[in-house]
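What TrEMBL annotates here:
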- 1-42: region 'Disordered' (REGION)
- 1-18: compositional bias 'Gly residues' (COMPBIAS)
- 27-37: compositional bias 'Polar residues' (COMPBIAS)
- 136-211: domain 'CTLH' (DOMAIN)
- 331-372: repeat 'WD' (REPEAT)
- 377-408: repeat 'WD' (REPEAT)
- 523-555: repeat 'WD' (REPEAT)
Amino acid sequence: MQANGAGGGGGGGGGGQGQTPELACLSAQNGESSPSAASAGDLAHANGLLPAAPSAAGNNSNSLSVNNGVPGGAAAASATAAAALATPELGSSLKKKKRLSQSDEDVIRLIGQHLNGLGLNQTVDLLMQESGCRLEHPSATKFRNHVMEGDWDKAENDLNELKPLVHSPHAIVVRGALEISQTLLGIIVRMKFLLLQQKYLEYLEDGKVLEALQVLRCELTPLKYNTERIHVLSGYLMCSHAEDLRAKAEWEGKGTASRSKLLDKLQTYLPPSVMLPPRRLQTLLRQAVELQRDRCLYHNTKLDNNLDSVSLLIDHVCSRRQFPCYTQQILTEHCNEVWFCKFSNDGTKLATGSKDTTVIIWQVDPDTHLLKLLKTLEGHAYGVSYIAWSPDDNYLVACGPDDCSELWLWNVQTGELRTKMSQSHEDSLTSVAWNPDGKRFVTGGQRGQFYQCDLDGNLLDSWEGVRVQCLWCLSDGKTSTRRSSYYVIYYFKKWPISFVKCSNSDHKVYIWHKRSELPIAELTGHTRTVNCVSWNPQIPSMMASASDDGTVRIWGPAPFIDHQNIEEECSSMDS
């Protein structure tokens, strides 16, 4: 005897007492086995991703075929009616069922797509059946299946069925913030080109050079589209083996991975009513998380796009007590005004420059986040007013004030001076920036000189008439300059906190959020002018400030934070 109808007897009546064949089919779709697949009605689902299963040959019983939850045919109607009669609750629910709104249908489709990605296909079937929604258009389903199976001829034929769908008024391709309405011919040609490109690469990987050449000459070239890409594809004919082809084409190879990427590209040409954009629910959730973080006053950590790192069950919350507003340590080893401070790129060291003509390198303890003196670099005759770490943190360049014509290139590991550079005694070299390759740097100042040098101080290039206060090399190697102003302003690209201003009048450090007109924090403690502020690029809860009072203050979160009982929460700001 089978409990809860979970088992099936071998005969036509086994386990089916008081139960019609149609109800047995419905039970089977809810995780229960029907008494007999041959004698009971089959329930074949096609949720838009899986083709409907064919009924067994010679089956004389009723067959209920469900396409995304919409019954079709007299057999389906009779089966539904029989089920409603046998189960009053089911009949009542069918009568009370109201038409879903467009937003409800969209949510159901998004959930269905996500569940399908998790492999819960039967759950998707039942969801579409009960809601009466369709996950995607049947023509799109066929197209998807043929692409994933690598049946390129059938996939091309499917494009003809998709033509009227692509040409619908809703067929608008969204790229970033732009909406580009494309012609039917252009869309179909682009989609066909992507299909044939995959077909060509798979032939090459399989060693079918003649077939690949046939695709290139007789199918891709006649499209008269993207001839530059066709020239690149033709060069792959010279690849000696499959690994070489995959490396040069930056292609995953024949299989599910590359075809899934191809399908993602093809989906951008189809309206969402036909086929949902790939991983649409994850995209919306990620955007929501990013928006909450962006509006959070005290969020200053790196934006992690991985949804697994956050909880979707609660709103994003940061406390002011977790923000670096509290003095953690005061460094007093300099014996005169401290003009500059800068954390290394890896966040493990801090360099401070002073009027006392020294640069001090501090080591950051990874556990306690306290700093201790590591090295003192001496010999800067004019004091040190600017410091720049090399991209690999092996070197740093130190500059002096306006009347200084020299700069010093130090080896941080050994503490030895590698280069002391000076082009002219009339120069004023007050700022420096490293090229991203770490082999060159640019320097300039208030008297209009501008030089590019190598690690040995050799002059590579020079300009005149450019008076600068600050330099920054962009990732493409170009240099950005900034002129002086009354207030010292620093812009932080890695954190949502937009800039920090050091006031010349009240000895405070002010912090603004980019969405706030008023400062969100005023840091007090220095007794004279604050000259510089540096945020640790790897430890967002650590900040340093240098002042004319001869000290460097290390700022961090409030001590003894009770993470279970956060007193202050950030508020949601209006757009």
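Just so it is clear, glycine is given a Cβ too, placed from its N, Cα and C backbone atoms.
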Mind checking which residues reach the repeat 'WD' (331-372)? Cβ under 8 Å, same chain, six or more beyond either end. 378-389, 391-393, 396, 398, 401, 410, 412, 415, 528, 531-539, 541-542, 544-554, 556
Give the mean pLDDT for the repeat 'WD' (331-372) on the 0 to 100 scale. 94
For the repeat 'WD' (377-408), how many residues does DSSP put in helix, in strand and in coil? 0 helix, 13 strand, 19 coil
